[in-house]
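S.K.: So TrEMBL lists these for the protein:
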- B:24-50: transmembrane segment (TRANSMEM)
- B:85-112: transmembrane segment (TRANSMEM)
- B:87-299: domain 'ABC transmembrane type-1' (DOMAIN)
- B:124-141: transmembrane segment (TRANSMEM)
- B:168-193: transmembrane segment (TRANSMEM)
- B:214-236: transmembrane segment (TRANSMEM)
- B:278-300: transmembrane segment (TRANSMEM)
């Protein structure tokens with residue numbers, strides 16, 4: 001929290017904690033609430049538990065009765081891993097790499113554009129600013145899937161479909177990111193500080209990079225994380241744009257496996273189910289790690305839009 | 001562009017040059033996003049509108065029909081049923097999701113222990129899961145082949161409910177979406193709760209307010225902007241429902257037709273039947289409906305929240 005420029009806010013938070021601690025010293029009525037929290041955790045974690053347990057099973061174990069919420073006798077992680085990464089010529093590793101590429105390039109691009117535009121809207125009174133802001137707010141309300149079909153037809157005319165750009169370009173558009181950045185920049189970057197830098201002879205871009213950018217860091221991490229998640233989790237856009245399965249992100253790839261396995265029914269698709277389960281587990285690990293390690297940034301950042 | 005030159009100018013002239021510079025710099029910063037915005041939002045919207053004004057047929061090729069496609073869409077039971085489904089779904093889902101996330105956030109605001117902090121993170125976790133994988137995980141849990149439901153209900157001598165059947169798929173989907181998003185909304189509400197000035201609680205306690213009164217009279221009213229933000233997001237998200245039903249379609253044999261939601265129908269029209277004109281019509285109509293709904297909603301609640309400030 002030390003990077004937050006709004007000093008009063010972090011002060012308030014700490015003073016609040018001390019107040020809470022003083023006034024409610026381990027109240028006894030907390031036991032039911034703790035039980036409720038425990039039950040909620042069970043509900044929110046059951047699917048993960050199911051994945052962890054069942055990705056240890058062979059196809060026979062998956063279908064062969066036994067509890068689906070507990071491990072089978074033979075734990076087959078290693079064999080399943082080998083199957084997962086060798087099936088179809090190792091296509092799964094490629095899907096993971098594609099997802100990472102789309103998420104990182106698209107996410108960084110979207111964030112860079114959002115930082116520039118959000119800062120520009122917040123700190124410069126240029127002609128057309130009010131209009132731009134009104135249009136931006138309208139754009140937040142446009143459902144992104146409504147754009148996919150016309151974008152596909154447009155891209156098809158210039159031969160961009162079925163390329164990585166067909167997935168990356170549309171990801172760059174993040175009106176909500178610009179909105180968040182604008183709201184944050186208005187408060188976090190004091191005009192006096194910018195004026196002081198200007199008086200000291202720094203140019204506009206230098207002021208932006210050396211003064212404003214460090215102050216915007218929490219919002220930047222938040223917008224980056226939100227963009228990366230949106231892109232990593234995207235399904236509709238790549239499903240429409242791509243036909244070559246070597247370009248698929250992991251979401252579309254697993255969807256493909258799942259529909260293949262379902263078409264063949266339990267009998268023919270059996271061997272596929274065990275790698276679908278493990279593949280699902282592996283595909284969620286990168287983002288979970290990202291969220292856990294970047295906690296202290298996004299926790300504050302997610303509040304930006306809601307406080308204003 | 002050097003500041004030293006401007007500093008020696010006389011004040012009025014300086015103000016004018018500053019404003020010209022503000023213009024230039026403002027557009028330099030906003031410009032790159034502006035280009036992307038026009039190319040990937042404005043152009044596709046108008047292109048969808050353009051496409052929707054034409055009809056392609058086997059004989060006679062493509063012809064201009066003005067609003068013919070819209071007349072067709074708004075009398076097409078596939079489209080109307082899909083719209084009705086997503087509206088019904090939103091009406092149940094959004095209050096449920098908001099109640100769940102608000103309740104969890106309020107609990108976490110009261111219980112401040114390491115255990116509570118850990119549970120906050122765990123409840124948020126599903127947000128990091130792709131909706132495709134989330135739907136697949138629950139699809140497994142629901143299915144008789146893989147899932148624990150049959151086991152659990154058998155232990156009580158009961159028949160397990162089949163959430164993949166056409167009568168219960170509504171609730172099956174309701175559960176998946178709530179599971180996926182409640183944690184994210186909870187974090188937004190929780191963060192807003194942290195922003196409330198704690199002296200308000202102190203003052204209320206001195207006046208003899210109970211914990212419940214503090215929640216109902218102070219916390220919830222002050223959370224209005226956050227709740228409004230969530231509501232708008234949930235509404236936009238639900239009306240364009242696609243991923244979960246599309247994935248469950250295979251597992252839930254027959255319960256989810258191709259025209260289950262407007263987006264699935266648009267996808268089917270455009271990519272299974274190569275009818276881009278009608279697909280674009282549905283997309284545009286859906287986008288317009290969502291936009292107008294959200295706009296009216298925000299306008300109606302303008303006095304209470306300040307999302308659009």
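In case you wondered, yes, glycine gets a Cβ from its N, Cα and C as well.
Tell me about the setting of these features in this model.
M.R.: Cβ atoms under 8 Å from those of the transmembrane segment (B:24-50) belong to residues 280, 283-284, 287 of the same chain, restricted to positions at least 6 beyond its ends.
Long-range Cβ contacts of the transmembrane segment (B:85-112) within its own chain (Cβ-Cβ under 8 Å, at least 6 residues beyond either end) map to 119-120, 123, 170, 173-174, 177-178, 181-183, 185-187, 189-190, 193-194, 211, 215, 219-220, 223, 227, 230-231, 234-235, 238-239, 241, 260-262.
Through the fold, the transmembrane segment (B:124-141) approaches residues 147-149, 164, 172, 175-176, 179-184, 186-187, 243-244, 247-248, 251-252 of its own chain, all at least 6 residues removed from its boundaries and within a Cβ separation under 8 Å.
Here the transmembrane segment (B:214-236) has Cβ contacts under 8 Å with residues 90, 93-94, 97-98, 101-102, 106, 109, 181, 185, 188-189, 191-193, 196, 200-201, 204-205, 290, 293-294, 297-298, 301, 304-307 of the same chain, all six or more residues outside its ends.
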S.K.: Looking only at residues six or more beyond either end of the transmembrane segment (B:168-193), which have a C-beta under 8 A from one in the stretch?
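M.R.: Contacts with the transmembrane segment (B:168-193): 88-89, 92-93, 96-98, 100-102, 104-106, 108-109, 120, 123-127, 129, 131, 134-135, 138, 142, 161-162, 219, 222-223, 225-227, 229-230, 234, 237-238, 244-245, 248, 252, 255-256.
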